[in-house]
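As written in Swiss-Prot, here are the features:
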{"type": "REPEAT", "residues": "276-315", "note": "repeat 'WD 3'"}
{"type": "REGION", "residues": "316-452", "note": "region 'Linker'"}
{"type": "DOMAIN", "residues": "453-816", "note": "domain 'USP'"}
{"type": "DOMAIN", "residues": "865-1043", "note": "domain 'Exonuclease'"}
{"type": "BINDING", "residues": "Asp868, Glu870, Asp977, Asp1036", "note": "divalent metal cation binding site"}
{"type": "REGION", "residues": "1086-1155", "note": "region 'Disordered'"}
{"type": "COMPBIAS", "residues": "1110-1123", "note": "compositional bias 'Low complexity'"}
Amino acid sequence: MEADWDELSRIPVPPPSPHGLPTVATTIAFDDVSELLWAGNEFGRITSFYGPELQRYTSVRAHPVSDGPVRQILFHERGVISLSPKSVHMITRRGLTQWHISHEEMTDLYCMSFTAQLNKIIVAGCQRAMFTIDIDKGIIVDKLHTDHNYTMMKKSRYLCAATDTGSVNALSLTDFRVVKSWKSHGTAINDMDARNDLLVTCGFSVRHLGSPIVDPLANVYDLKTLSPLPPIPFHAGAAYVRMHPKLSTTSFVASQTGQLQVVDLMNPNAINLRQANVSFMLGIDISPSGEALAINDAECSIHLWGSPSKIHFNEMSKEVEFADVVPRPPPLDWSPDTPLNMIGMPYYRERLLSAWPSHLVFEVGSPPAPIDQSLIPYLRPAEMGHYAPNPKKTRRYQVENTRALTTAEPALIAPKFLSEKAREQSKFKSEASVSDTAEALAGAKLNGEAEDDPLLKYSNVEIKYSRFGVDDFDFSFSGLETHIANSFTNALLQLLKFIPLVRNLALHHAASTCIYETCLLCEMGYLFDMLEKANGQNCQATNLLKTFSSYREASNLGLLEENLTTKSLSSAIQSVNRFFLNQIAHDFRMIVPSSDDLDHRLSTIASESIRCMFCQNEIVRPGNSLANELIYPTIDIKQARRNPAFRFSSILRASIERETQNRGWCNYCRRYQQVTIRKSIHRMPLVLILNAALSNAICRRLWSIPGWLPEEVGIAVDNGQVMCFEGDELKTQLQNKLPNLVVYELVGLVSEIDIPEHQKPHLVSFINVSISSREPEAKNRWHLFNDFLVTEVDKDEALRFNQPWKSPCILAYQVKDARHAVDDSWKNVLDTTLLFRDWSLNGGRAVETRQTLTEEEKPTPGTPVALDTEFVDLEKAEIDVKADGSQEIVRPSKSGLARVSVLRGSGVHEGVPFIDDYITIKEPIVDYVTQYSGIKPGDLDPRTSQHNLVPLKVAYKKLWLLLNLGCVFVGHGLASDFRKINIQVPKSQTVDTQYLYFHPGKNRRLSLRYLAWAVFKEYIQEEPADNNQGHDSIEDARMALRLWKKFQEYEDAGIVNQILEEIFREGSKLGFRPPPRNGVATVLSRPGTAVTMQNSSGRNTPSTPDVGGAATATATTSAPATPRQAFRRSIALTPSNGTFSGPGAGDFFGGSPLK
């Protein structure tokens, strides 16, 4: 007990009914899984309290009133177990009942404890029967007879059980026989605790007058030698005792009058005394962390003691689930003036009149070939148009068949854009349930006819972009987009993400100290985290694929998309699989070179014997492998079904214990000879990744056999030999308990789809998503991942390969024991040092625009930060202009992150930047868009830049750390910024002022420039006299932060609707742009009034009017602002990513209605 320990909280025990009086707690206990304190009362009700403030969390009637009081509470990972005299009950921590057990021989239960098996407990009491209960099944599995009445149980080296006569029995944990018994106290034992090898008891004895009184000694026993140790003197009367969970020889001893003593059992003279403010103590308990102590008294109160600076109940607690806030339905403004298009129209499902049949559509000529985007950076102006070096991708006099390009893709019925839905319903209406992509595609055929076609979901899918960007789509599952170079790896990335052990490895590595710019394992961690946070929105693997493209080895091996013209997709993805696994291993060892965690998970540990067939000389070298290729025997298809050598398990065994013959150099013969190479396996990995390696049509016949690919295989390694089993043979070996047998289950596979009907080959993945689910699922659920189209499929369909257009490429098996092994502990070990130190590529030049965070400012969940980013153009958008003049975005513009500014959103330094990084870009920059981004040539070059220049990996990791620390990002138009950064932020961590200041009756988003003027009468983002200046991201982020604070003031005052009405009324007059500085302008004051601004002062911010007088202000004299399109806000009408509201107050400015 440290010097600053004191009473932190005191709460009354909740009454048994809403109008009842508080009652005494019959038992209290700290939860060893979550930050909860549990208490039970005499009416059979158990209640939990959250955190140091002891907030009410759950309250459940666990036992009928007739069963008596709650006498003990135990904790399991799956729930909470309570005991009353006549029943045992288990609930989840949210209060849902798991099971309830009562028995005719359960008459006076007092205690319970875990046994040697962690899924079983034993319950006992003042009765002649003890019961063993299986927690998982909720049933009694055994009944034991006993000659003792037990009142208390504690588990340590033995099961220590106190009797009602003052004795303590040490019971065996396996058969519960009495190993040793001590007469500890004369009358009864009041409390005891056992931990490690020590047992301490407190109790009563009879003195002179014949009535029992509390013993002034706490008895101590050594469970290792089963002998008593010197007792602990405690003159106030030792009534209660608890052993410290961390300090093995330290115990807390308490009296009934509230005196607390912390004593070392090995040194009784070293004591620490405290006095609790209680009239009569009924019990104590100490938290698993040792940092909190709970006291239960006779005045119906619970006291919490601890250190105010560092109290917590557990070292590693699971997050406590709280109830969702139920949104209130928005009021419907129904009046004669309400336009009917506010009500919305239903979605169509039948065929539209505009869908003309194919026999009425005729070709009228081929469109010109589109310009290769790779030529754009090299274009040079000429007298007419531009010119560039010829890339020589076609032969001489060869032209491109552009008609084939337009008709190669099937006519797929795409789902509705969200922007189309926005015309039918307002933002504040709850989004109606719409069919997912698979349902939207169902019923269409490749030729456009409305008939069912099972091949449609396997077809090539291409995103049709709207002018609002890709966030304008509405899909029910998170897929990966296809418009990025090397996106043919999407199927493999999805497969790796759904392997729990690979997913855990990547996320833990991403949370480490790694800041290597080309770390593929980090990028996988970022992508997997993004896919989990997306909740059905599309994601893109831009950063990962950019890193993959930067590897010279990948280019030399022909693994990039530009090199696949002469290589099949199947062989290419298998080569990429080997490259990914090797690079993952390399990246992992760069941070933890001495750890074998990756080898344990992914690597087949083996030795390779090479023997010369001429001289029989043999050498042995390591032969570890990360990916195994299947080797097929010479196949007689007639015997394939009956011959065991053609079973998958046999082929797998031969592939792992690969034995080959070829020519090699013999050091003994000093010449090339015929050598035999054979592998001896020492250990199999937890994750087994296989390349199918289908080299000919004969091997493919095996796969076409129904049920040939098993869902489960068993592998046993014995003295370097591998044994593989499947089907009934595997079940037999499991029943016989074959040593070292490990069962693997199929997580998923990557397949090549080659439908010959005017389609190009592409890759899909079939994944059993139940394996990676956090909650146990009895049924396997298989899904087809076809880039951004995700569809649930039947298991037989996923594992059937008797179609000529479907070929297996990569298989992934994982040990069955790792099912649902989704580990989120990486969030608790995030390495945040990058946020607290400077990092620069250009020699650490002084940065005056920011002030680095201190340790005292470490972000916590809910910490607001203001964000703004700037981008440069790497590629222009590809737009197809149709014959009727309409435009369709074929491929969006490609932007590169150039600057990131993050400001503190609260505290003493509110509004002060702590991140202001410029990002170096190695790709050719088409346009710096200086007028809008403020980025000038040379700003991103380490040799000439005067700013803090960092790699993209460092800037991205800072934002990723803030995201996973729980920060709330405040900004304007964040949806566009997040997409270009390639990061997924949940709605609960986003405050977008573009959606805060949105009127439900106006289909318009307001620019930050206009909002700054409308709310604060300030001019930002003005047209500079020098076009080489442009925007300032710090200014934009600070303005967004101030707008949020001001909006909170409007909410507190209840005038949000009036303010929005006034803002939109004035905006419609001014074209939603700030008025020119010269001239008279009418600005907002309060609802229903106006203020006239005169030109006089020349300041950015107009003068603040007096609070009590007429609201007047002055504006500056300047050149009028030229209307222009905000480049960085080009998707101002993108669907909302959500809003965040919370307590806070901003400054009061002139014209505020709060005045």
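Cβ atoms are placed via backbone N, Cα and C, with glycine included.
This view paints the features noted in Swiss-Prot onto the structure.
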| residue | record | Cβ neighbours (10 Å) |
| --- | --- | --- |
| Asp868 | divalent metal cation binding site | 29 |
| Glu870 | divalent metal cation binding site | 27 |
| Asp977 | divalent metal cation binding site | 24 |
| Asp1036 | divalent metal cation binding site | 27 |
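Under DSSP, Asp868 (divalent metal cation binding site) is assigned to a strand (E or B) in the three-state scheme. According to its DSSP assignment, Asp1036 (divalent metal cation binding site) is helical.
Residue counts for the repeat 'WD 3' (276-315) under DSSP, split into helix (H, G, I), strand (E, B) and coil, are 0 helix, 18 strand, 22 coil. Reduced to three states, the DSSP call for Asp977 (divalent metal cation binding site) is helix.
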